[in-house]
Amino acid sequence: KAPGMIGWWPAKAVTFVNNHDTGSTQHMWPFPSDRVMQGYAYILTHQGTPCIFYDHFFDWGPKEEIDRLVSVSTRHGIHSESKLQIIEADADLCLAEIDGKVIVKLGPRYDVGNLIPGGFEVAAHGNDYAVWEKI
């Protein structure tokens, strides 16, 4: 079960990495810029209703990376109440399977090959995240 609102009441949870109220535009309390895509890998593949921050999509430049994650989510019908199974959770790794169709790795651990079952291929990856989809 996921922590917080998405674990407690996923149908009502709205997830986001940044928005105009977090002060990111004024650089007051921004989400760490080197972790933004890790955040999107999480919210676009997990429970809840994800919101993409306009500035991240149109101004920052990771539009293609975000598009790939949205495509995976759409292709596999991930929704606010998708089934989440935590495969591994450590200080350097969070590995989860969603609806038996998508696997998400967050964290710096690189060697997770023995944890990924056969029949999955990498669909998206970046700084400390990777997403596999069932083929």
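From the backbone N, Cα and C atoms, a Cβ is placed for every residue, glycine too.
Here Swiss-Prot flags K1, G7, W8, W9, H20, Q26, K105, W132 as substrate binding site, drawing on similarity to another entry. Annotation note: K105 (substrate binding site) sits in a strand segment as assigned by DSSP.
Residues or ranges marked as site 'Transition state stabilizer' by Swiss-Prot: D21.
Here the binding-site residues are K1, K105, and the one ringed by the most other CB atoms within 10 angstroms is K105. Taking every protein chain shown into account, W8, W132 are the binding-site residues, and of these the Cβ with the most other Cβ atoms within 10 Å belongs to W132. There are 14 other CB atoms within 10 A of the CB of G7 (substrate binding site), with all protein chains counted.
According to its DSSP assignment, W132 (substrate binding site) is in a strand.
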